[in-house]
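**Q** Here it is, the structure, as structure tokens.
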Amino acid sequence: MAGSAVDSANHLTYFFGNITREEAEDYLVQGGMTDGLYLLRQSRNYLGGFALSVAHNRKAHHYTIERELNGTYAISGGRAHASPADLCHYHSQEPDGLICLLKKPFNRPPGVQPKTGPFEDLKENLIREYVKQTWNLQGQALEQAIISQKPQLEKLIATTAHEKMPWFHGNISRDESEQTVLIGSKTNGKFLIRARDNSGSYALCLLHEGKVLHYRIDRDKTGKLSIPEGKKFDTLWQLVEHYSYKPDGLLRVLTVPCQKIGAQMGHPGSPNAHPVTWSPGGIISRIKSYSFPKPGHKKPAPPQGSRPESTVSFNPYEPTGGPWGPDRGLQREALPMDTEVYESPYADPEEIRPKEVYLDRSLLTLEDNELGSGNFGTVKKGYYQMKKVVKTVAVKILKNEANDPALKDELLAEANVMQQLDNPYIVRMIGICEAESWMLVMEMAELGPLNKYLQQNRHIKDKNIIELVHQVSMGMKYLEESNFVHRDLAARNVLLVTQHYAKISDFGLSKALRADENYYKAQTHGKWPVKWYAPECINYYKFSSKSDVWSFGVLMWEAFSYGQKPYRGMKGSEVTAMLEKGERMGCPAGCPREMYDLMNLCWTYDVENRPGFTAVELRLRNYYYDVVN
């Protein structure tokens with residue numbers, strides 16, 4: 001999305017941010033307009049795109065750089081590049097469609113920072129409000145949702161933010177739009193946008209010399225929006241921004257957003273009851289002073305005597321009150337927050353957690369088919385009747401015939417760990433049942449283990465895998481902060497709720513550390529998954545969050561290998577010898593270099609120099625934001 005792509009260019013001295021074409025030309029004039037002088041700016045048409053402005057024969061030439069679906073950048077019909085900087089470097093050696101070679105970058109003057117676009121100023125608040133309203137999340141659940149799904153939320157907000165803008169009137173008729181525009185002031189350039197039909201087209205209604213003009217806004221096959229024969233835009237707010245600077249095919253520029261009738265009539269409680277205007281020439285220069293209004297608070301009225309044509313008292317990018325559109329869920333793919341396992345079932349204050357987490361067996365129904373089995377027994381799908389809802393659950397059932405007290409102790413130890421954990425990226429325990437067998441009742445993750453899912457779905461793209469391993473790193477960061485060591489982190493113990501939602505499971509080997517401890521020391525060597533273990537675990541029986549980081553590196557290797565077994569064909573002792581020699585597993589085929597570099601960082605031999613999950617999660621997050629957008 002725009003924000004992350006722009007962030008990746010901010011370090012370039014010749015990147016000017018969200019400036020207009022005219023501003024770019026002024027800068028090139030300042031630089032002497034010599035052939036090959038160039039600068040880079042943010043695209044005002046395409047989300048995540050850029051524009052290249054080049055001087056040649058005393059004229060400025062402009063090229064749109066679009067971000068492709070695979071995350072590369074290209075001028076239309078040209079070669080794809082990993083970044084805008086790479087594209088500029090290439091065209092300094094090959095014109096390849098440009099009017100001339102790029103010879104000299106025009107750098108920002110001292111003290112000048114890249115100009116911020118209107119969406120960057122508002123998106124954080126819009127995202128937060130959208131997540132709060134849509135999923136009723138608060139606190140850590142809200143923060144986790146924003147971090148893990150930020151690219152998707154940015155895209156969602158960018159393409160639907162118009163629903164919250166005062167100039168968007170939704171599904172009203174042509175006649176209604178004319179009546180609305182003609183109410184109140186008759187300022188030239190007063191406008192509104194309405195939805196025309198279900199095909200995604202709109203209409204711009206513009207007041208000029210007392211008449212209402214109608215311009216159709218069509219959506220092409222690629223989703224771009226434009227008036228007939230006009231420039232194409234990714235979003236309505238970009239279109240409005242553009243035509244507030246220049247008419248460019250309209251009879252005049254957009255000047256005054258036409259408010260909804262309730263606000264125009266000055267109804268009590270309407271957020272913008274005062275008639276207002278803003279001067280022509282665009283929105284970006286004025287949006288810097290924007291502050292997101294607190295719920296229930298009006299923005300202060302302009303001081304008396306101020307000149308309405310030159311002083312802005314109405315921000316066209318200020319969201320109006322009210323909920324987001326009801327059809328939004330139909331326009332996007334499901335996010336983790338849409339599932340019933342994103343929040344704990346006990347997050348609802350009306351759902352009372354049973355004392356000592358023991359559940360009533362009569363409220364639990366089990367299916368006959370097994371989801372899986374192991375030394376402990378079996379796992380079955382079930383349904384648990386809570387106070388308000390019936391919850392789909394996974395039930396780990398202890399073998400009855402063995403009557404082994406050690407197995408029971410292990411199950412209860414796992415339950416003891418799980419009852420203390422509450423995070424969207426960790427399988428939560430609902431409770432335990434003592435009936436025909438001991439049962440551990442947990443959240444259900446329908447798609448099963450990550451390794452098996454990837455083995456069967458090799459079409460899954462890298463960015464989807466990065467999304468999932470990032471979620472695992474978020475869950476592990478939570479464990480680290482909560483002073484728990486997992487000790488069995490592997491792809492087989494990551495369960496998928498959906499193709500885009502992973503949860504860490506299987507806490508049978510997990511240990512809680514005391515506040516004064518940073519590692520757990522086992523007394524004896526058990527049935528350990530040695531191929532996932534750090535050297536200090538094997539050599540000294542020491543386990544910490546840093547040893548979980550080593551295991552996470554192996555999990556990443558499994559994920560990018562589409563579920564292959566690590567160190568295939570090797571015995572545990574051979575793996576240990578290999579690690580002692582400083583050797584590591586090779587890069588999986590097709591795995592991004594940045595991800596393999598992170599694996600090797602996780603496999604740092606010296607535990608003191610190995611990063612913790614705070615650093616690992618942040619590095620993954622930044623890379624994930626970059627490739628997904």
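Glycine is treated like the rest: Cβ placed from N, Cα and C.
The following feature annotations were taken from Swiss-Prot:
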{"type": "DOMAIN", "residues": "14-106", "note": "domain 'SH2 1'"}
{"type": "MOD_RES", "residues": "Ser43", "note": "phosphoserine"}
{"type": "REGION", "residues": "107-166", "note": "region 'Interdomain A'"}
{"type": "DOMAIN", "residues": "167-258", "note": "domain 'SH2 2'"}
{"type": "MOD_RES", "residues": "Ser201", "note": "phosphoserine"}
{"type": "REGION", "residues": "259-364", "note": "region 'Interdomain B'"}
{"type": "MOD_RES", "residues": "Ser270", "note": "phosphoserine"}
{"type": "MOD_RES", "residues": "Tyr290", "note": "phosphotyrosine"}
{"type": "MOD_RES", "residues": "Ser291", "note": "phosphoserine"}
{"type": "REGION", "residues": "293-328", "note": "region 'Disordered'"}
{"type": "MOD_RES", "residues": "Tyr342", "note": "phosphotyrosine"}
{"type": "MOD_RES", "residues": "Tyr358", "note": "phosphotyrosine"}
{"type": "DOMAIN", "residues": "365-625", "note": "domain 'Protein kinase'"}
{"type": "BINDING", "residues": "Leu371, Gly372, Ser373, Gly374, Asn375, Phe376, Gly377, Thr378, Val379, Lys396", "note": "ATP binding site"}
{"type": "MOD_RES", "residues": "Ser373", "note": "phosphoserine"}
{"type": "ACT_SITE", "residues": "Asp488", "note": "active site, proton acceptor"}
{"type": "MOD_RES", "residues": "Tyr501", "note": "phosphotyrosine"}
{"type": "MOD_RES", "residues": "Tyr623", "note": "phosphotyrosine"}
{"type": "MOD_RES", "residues": "Tyr624", "note": "phosphotyrosine"}
{"type": "MOD_RES", "residues": "Tyr625", "note": "phosphotyrosine"}
**Q** Please list, for the region 'Interdomain A' (107-166), how many residues fall into helix, strand and coil according to DSSP.
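**A** Helix, strand, coil within the region 'Interdomain A' (107-166): 44 helix, 1 strand, 15 coil.
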**Q** Compare the Cα of Tyr623 (phosphotyrosine) against each of the recorded positions Ser373, Val379, Asp488 and report the nearest.
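**A** Spatially nearest to Tyr623 (phosphotyrosine) by Cα position is Asp488.
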**Q** Using DSSP and collapsing to three states, where does Gly377 (ATP binding site) fall: helix, strand or coil?
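**A** The residue in question, Gly377 (ATP binding site), is strand (DSSP, three-state).
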**Q** Compared by Cα position, which of the recorded positions Tyr342, Ser373, Gly377 is the closest one to Tyr625 (phosphotyrosine)?
**A** Tyr342
**Q** Helix, strand or coil: which one is Tyr624 (phosphotyrosine) in, per DSSP?
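**A** In the DSSP reduction, Tyr624 (phosphotyrosine) maps to helix.
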**Q** Would you mind splitting the domain 'SH2 2' (167-258) into helix, strand and coil residue counts from DSSP?
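**A** With helix first, then strand, then coil, the domain 'SH2 2' (167-258) has 19 helix, 30 strand, 43 coil.
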**Q** I'm trying to understand the geometry here, so how far is the Cα atom of Tyr501 (phosphotyrosine) from the Cα atom of Val379 (ATP binding site), in Å to the nearest whole number?
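**A** Each residue's Cα considered, Tyr501 (phosphotyrosine) and Val379 (ATP binding site) end up 21 Å apart.
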**Q** Going by Cα-Cα distance, which of the recorded positions (Ser43, Ser201, Tyr342, Asp488) sits nearest to Gly377 (ATP binding site)?
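**A** Result: the closest of the recorded positions to Gly377 (ATP binding site) is Asp488.
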**Q** If you count other CB atoms within 10 A of each CB, which of Ser43, Ser201, Asn375 wins among these recorded positions?
**A** Ser43
**Q** Restricting to the same chain and to sequence separations of six or more, state which residues have a Cβ under 8 Å from that of Val379 (ATP binding site).
**A** Glu370, Leu371, Gly372, Ser373, Ala394, Val395, Lys396, Ile397
**Q** Tell me, if you would, which residue among Tyr342, Tyr623, Tyr624, Tyr625 (modified residues) has the fewest other CB atoms within 10 Å in the structure shown?
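**A** Across Tyr342, Tyr623, Tyr624, Tyr625, these modified residues, the one with fewest Cβ atoms within 10 Å is Tyr623.
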**Q** Would you list, in sequence order, the residues of this chain other than Leu371, Gly372, Ser373, Gly374, Asn375, Phe376, Gly377, Thr378, Val379, Lys396 that have their CB within 8 A of the centroid of the site's CB atoms, where the site is the one recorded for ATP?
**A** Glu370, Ile397
